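If you look up TrEMBL, you'll see Cys73, Cys77, Cys80 marked as [4Fe-4S] cluster binding site. Annotation comment: TrEMBL describes 59-280 as domain 'Radical SAM core'.
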Amino acid sequence: MNREQVLCDVCPKFCKLREGQIGFCRARSNIGGKIVPINYGQATSLALDPIEKKPLMRFCSGTYILSYGSYGCNLRCPYCQNASISMAGPDNCPHRLITPEGLTDLAVDLSKQEPRNIGVAFTYNEPTVCFEFIRDTSKLLHEAGLKSVVVTNGGLVRKYADELLPHVDALNIDLKGFSNEFYRYVKGEFDTVKEFIKAAVEHKCHVELTTLVIPTKNDDPEEIGREVEWIASISPEIPLHLSRFFPRYKVDDLPPTPAETIYRLKDIAEKKLKYVYTGNL
């Protein structure tokens, strides 16, 4: 790294950025010699969703939550269902500014209407590429008596996870596969995700995990067996969602996951875990 570059150490990409250069995530840049989250408060999506859509099945069931998304992601899943925003940057995705105060005020207003909103879920793109916005908004949400929820790939290094997680009530974390090979496929870093999951549990957040089961990629029963063994070693009460894959984005050469595969893997998971759910069936 030369003197003109600044290291972004928020995720395991560790981008070395020149002045004005944008990182791999398309959401952080070197501005004036400092790494700045350029998608801070830049909303691409706002919707009131059932909490179960996150998915969270054992946290405030039956409620609704204001869901906020921006742009950018530090992975490159070739099957991404939100590619229009997660694979976008500031120049090719419509967005509008909303401050932490503005988002909190909106959440409070919605909490007084039917169906009643319980807080804000940071979701749709990868929210932790701008963990600062989650942190700042979550503090205000808690002051207002509302909840903070994060739906994430878990690709946030421990230093910043420890800064963020005390302000988060619940997370659904994508455990995309259970091998270094699969994480290379999505341009991620397996150990960072495992460390993030453990950190979330240690910070006493409510944690649920999701694995999208993709034919020939991560549907091996032995791999799922290793995954549930690891989850159970942390806590057998962590809910696991096994979701069915459908062709998306750049992946059109694989079939949808057979429903029988999902049910078979659910049977394996239930030998170690108390709460196993299926999705997209």
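The count begins at 1 with the first shown residue.
Just so you know, glycine gets a Cβ as well, placed from its N, Cα and C.
Any TrEMBL annotation is an automated prediction that lacks curation.
Neighbour counts were taken as the number of other C-beta atoms within 10 angstroms of each residue's C-beta; across the binding-site residues Cys73, Cys77, Cys80, the minimum falls on Cys80.
Averaged over the domain 'Radical SAM core' (59-280), the predicted model reaches a pLDDT of 98.
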